[in-house]
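Copied over from TrEMBL:
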- B:6-25: transmembrane segment (TRANSMEM)
- B:37-56: transmembrane segment (TRANSMEM)
- B:62-79: transmembrane segment (TRANSMEM)
- B:100-119: transmembrane segment (TRANSMEM)
- B:125-144: transmembrane segment (TRANSMEM)
- B:165-188: transmembrane segment (TRANSMEM)
- B:223-241: transmembrane segment (TRANSMEM)
- B:261-284: transmembrane segment (TRANSMEM)
- B:296-320: transmembrane segment (TRANSMEM)
Amino acid sequence: MSLLHVENLTASYGASQALFGVNFTLAEGEVLALMGRNGMGKTTTVKAICRMIPSAGRLDFAGHDLHRLPSFRAARLGLGLVPEGRRCFAGLTVAENLIAAARPGHWSIARVTEFFPRLGERLGQRAASLSGGEQQMLAIGRALMTNPRLLILDEATEGLAPLIRAEIWATIAALKRDSAMSILVIDKTLSELAQVADSAAIIARGQTVWSGAMDDLSADVTEQYVGV
Amino acid sequence: MIRERYVNAALLAGLLAVPLYALLVDEPFTITLATRAVILALAAVGLNIALGWGGLVSFGHAAFFGIGGYSMGILAFHAQNFMPLDLGFMVFDGTKSMPVIWLVAIITSALAAFLIGLLSLRTSGVYFIMITLAFAQMFYYFAISWSRYGGEDGISIYIRNDFPGLNTLVPIQFFGICFAALVLALWLNARLVASPFGLALNAARQVPVRVQTVGLDPTRLKLVAFVISGAITGLAGALFADLNRFVSPSMFSWHLSGELIVLIILGGVGRLMGPVLGAVLFVALEHFLGGLTTHWHIALGAILLGVVLFARGGVIGLLCGPKGQS
């Protein structure tokens, strides 16, 4: 059953149009990789889904038309965003970041710290004083605290040390294995994406140029549109 | 740096000790001065919820202070003159009971804060400052033209209102009432800041767009903060009117809104006891420097300039370091 359906999605930043027709469907419990070169519209697509920028086209989530909802209502339906650049609430501590985002459900501070023991050791520390990797864990933990049906990870491993990247990928794999949560993941590392994603959509110049099962993604296509 | 909790405790203890000492040496005026500081601190504690925690620079909090004052003035005026107050749907004799007056002051100022906030929060930055100022000025000019309640001359209340079991005409007893209200407001403030609501409000102040992605409505959070803030300032207005036994349109004036902001900046924006320290310093400067020259505001301005330039966290910040470090 489809959880998120995106059809002919268009979006602009003022007079400059960024999306010209993005299409993909994400099923319940599925992991979808959204791929493309830099500046092709991946983050803009995420912003449009999360209602952070105005957009047009079809945008259905769990039977609701997202275009009718403000950003916070869309989030309450079960959209959990881990934004590009982490964007933790810098002035709050780790625990406060998690509490501020908490909504009733499976995920609690105890479960998040079980997932990320390093966060458990730093509950009283301000988010601004954490390392990049820890901030990324906090951003994921904060999104999990909203008990989302769809977790959106926008460049979650960007700029992190290889060991931390491996930890983040292990987390995504564990979330896929242990929960019924759907995941939309944006990243540039094809090898890791191939291990966790069930399907993929590639965006080039603001429109979907390829979508399908991850196994069907050929080297030619990735070379042409993703550059790897 | 001194731990903030020690400074807070010392400040409260000092605020309590001064009128007790004044009682021992029979200086009732000092008790009245301390009561004035406590009431101004209460009003500023209210504003600090909106300004310090919610990032809402309200230049119209005098509206709630005045509404609280006029709630007291109108109810006491009808009670003292045995003139029933006809509300259209009911006739009310007025009251001299402080708890009833406080309840009315809190409800009316909260209601006004809700309506003002609902409209003002559609704007931000300098527009928010101007729209809140405009609302307060509307109340100010309305009060001036409200001849039924004295217009520009205001309302005089002959005898201070009653509190069960206490003689409110005894300065130290009235101080005790005001001090208890301040401690209660500080406790509420501390609980609020540490609650999920307070944390969400803090996050909404820092990054209003990002909080929406975790399902929080920043406008709603700020509106709730604005209403709580207005209600506390309204209560302070009712107590201030009782202290002076007089209510006038000046309680709505923009000078008062500005003074409340000055108190917070002086003490420390977003610091629990910042408004209290600001109020104590303000009243002390007003009393001591005001005795030397009528131009004491120049000295206050210089001190404020120094605080803004060299102590961004106010005097509390100067003593305890940046927020969250002690």
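Think of each number as a place in line: the chain as shown, counted from 1.
Backbone N, Cα and C define each Cβ position, glycine as well.
Outside the transmembrane segment (B:261-284), and at least 6 residues removed from its termini, the chain residues within Cβ reach (under 8 Å) are 4, 7-8, 11-12, 14-15, 33, 36-38, 40-41, 44-45, 47-48, 51-53, 57, 59, 182, 186, 189-190, 193, 300, 303-304, 307-308, 313-317, 323.
Relative to the transmembrane segment (B:62-79), the listed stretch B:223-241 leads the set B:6-25, B:37-56, B:165-188, B:223-241 in CB pairs under 8 A.
Long-range contacts of the transmembrane segment (B:125-144) within the same chain, counting only residues at least 6 positions beyond its ends with a Cβ under 8 Å from a Cβ of the stretch, are 56-63, 66-67, 70, 116, 119, 151-152, 248-249, 251-254, 257. Within the same chain, the transmembrane segment (B:6-25) packs against the transmembrane segment (B:165-188): three or more Cβ pairs sit under 8 Å, each pair at least 6 residues apart.
Remote same-chain residues near the transmembrane segment (B:165-188) are listed as 12, 15-16, 19-20, 23, 28, 31-32, 34-35, 38-39, 41-42, 45-46, 98, 159, 232, 235-236, 239, 242-243, 272-273, 276 (criterion: CB distance under 8 Å, separation of at least six residues from the stretch ends). Most Cβ pairs under 8 A with the transmembrane segment (B:37-56) among the ranges B:100-119, B:223-241, B:296-320 are made by B:223-241.
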